[in-house]
């Protein structure tokens with residue numbers, strides 16, 4: 001008979017109780033319960049964690065392609081593995097892009113069959129020992145901690161990862177996955193030194209070692225840009241085109257069918273404050289350079305159709321570009337400080353941003369301005385994501401009322417859930433001369449009146465000019481600042497900057513309204529909010 005000390009769920013509940021954390025939180029549709037946790041091996045040296053910020057990528061491997069090589073013939077050379085790259089996949093179209101500043105160096109021993117890649121010190125091998133237990137499909141979590149990439153099986157309750165890939169002299173800080181890659185390479189890894197690798201996730205899982213296998217190397221030794229890689233993404237439906245953002249304000253476009261590195265011969269940037277695009281003179285990677293801003297680009301995100309790309313940066317601006325025409329469409333300033341993260345709604349109508357002003361901004365592509373501010377975090381907002389799997393109950397049977405559910409995480413260790421219903425937005429009013437300062441008097445605020453031509457960045461609006469949202473749920477989920485949030489059909493995933501990931505199950509008929517032993521340990525994490533807050537609409541879930 002299993003005692004409490006050997007039961008993983010009991011251990012997890014006890015740990016949660018000791019840290020003052022709750023094991024579930026409530027929403028009007030039911031309870032979200034903590035199912036299990038993922039993390040890095042306990043032996044990872046603490047100095048490797050000090051400056052690291054964990055980013056999480058969800059990777060779904062489909063059935064092994066018919067043309068895939070068998071394990072008996074999987075000893076491949078670099079020439080057969082470098083012709084492909086990967087594309088971006090963030091689980092249900094929800095990207096939670098954490099700002100990735102990491103530090104610390106690990107060590108890596110060379111072994112037979114391993115060759116060093118330039119002066120970087122990262123190593124990969126031409127051949128590998130196959131893992132015969134790997135069946136070629138599944139859903140995996142890819143996350144970076146210190147000088148390593150870790151891979152965990154999402155559907156396994158094992159806390160430790162099933163695979164680690166170690167780097168030396170530079171740390172992995174960004175990654176992206178494409179579940180629909182047409183050829184082997186489906187995973188991109190960007191490093192703190194600016195170098196980028198593309199690899200096959202399946203091949204890494206089949207290999208028993210701790211080095212990259214069959215890697216294609218871009219921006220080798222920082223030959224194109226030696227500043228930190230701050231974001232990496234694949235163009236949806238882009239046929240192998242990917243984008244890499246850097247800390248110096250530049251963004252580069254690569255094409256997997258071209259050589260991995262070369263002299264792009266881009267012209268000198270004359271005005272660091274102005275957006276500009278330059279194309280390579282020769283048919284090599286990168287194929288173009290976009291100078292976005294002065295200072296770091298902190299996060300990038302594509303609309304689901306790949307038509308637009310959003311960037312946020314150290315200067316506090318959201319910028320939205322037409323990726324095909326390479327034109328700035330719209331954008332604007334945060335209320336205060338840098339913006340750290342951004343994401344799109346699945347229909348491409350709205351963009352979420354978060355940053356140092358502790359606010360979640362909701363941008364409308366149709367109106368090209370901020371249409372709501374989410375107030376509820378007590379520190380910087382480090383991750384935002386739309387929940388494309390959640391559907392609101394239809395209150396009138398017409399199906400016309402559209403409600404968006406989204407979430408945010410911050411350095412205050414909390415996850416917040418929000419409901420956005422545009423029909424319920426109450427537009428702030430300007431106080432008429434000599435009139436009452438109520439919403440029923442005066443004209444619409446200047447933010448809503450004023451229009452800007454295409455390609456113009458808006459200044460930050462006044463706090464009184466934008467509708468405010470109150471969170472539906474406020475729940476402390478970790479003891480360390482949070483860095484990422486992902487929604488899937490069955491789970492909600494939260495990650496802290498130290499490399500600990502929690503998987504929360506969505507409400508269902510079997511646990512709605514039921515209390516469990518672990519529930520009673522911690523009570524509820526649901527904070528009820530009024531339907532309306534102050535003078536503006538609080539777009540909470542309608543019960």
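Sequential numbering from 1, following the chain as shown.
Note: Cβ is positioned from N, Cα and C throughout, glycine not excepted.
As annotated by TrEMBL, compositional bias 'Polar residues' applies to 506-523.
Residues or ranges marked as region 'Disordered' by TrEMBL: 504-543.
Same-chain residues lying 6+ beyond the ends of the repeat 'WD' (297-331) with a Cβ under 8 Å from its Cβ atoms: 88, 93, 95, 97, 99, 230-231, 233-238, 243, 245-247, 249-251, 275, 277, 288, 290, 337-344, 346-348, 351, 353, 355-356, 361, 363, 365, 368-369, 452, 454-458, 460. Here TrEMBL flags 297-331 (among others) as repeat 'WD'.
Annotation comment: TrEMBL describes 332-373 (among others) as repeat 'WD'. Long-range Cβ contacts of the repeat 'WD' (332-373) within its own chain (Cβ-Cβ under 8 Å, at least 6 residues beyond either end) map to 93-99, 298-305, 307-308, 310-318, 320, 379-386, 388, 404, 406, 408, 410, 416, 418, 420, 422, 425, 447-448, 452, 457-461, 463, 466-469, 539.
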PLDDT averaged over the residues of the repeat 'WD' (332-373): 96
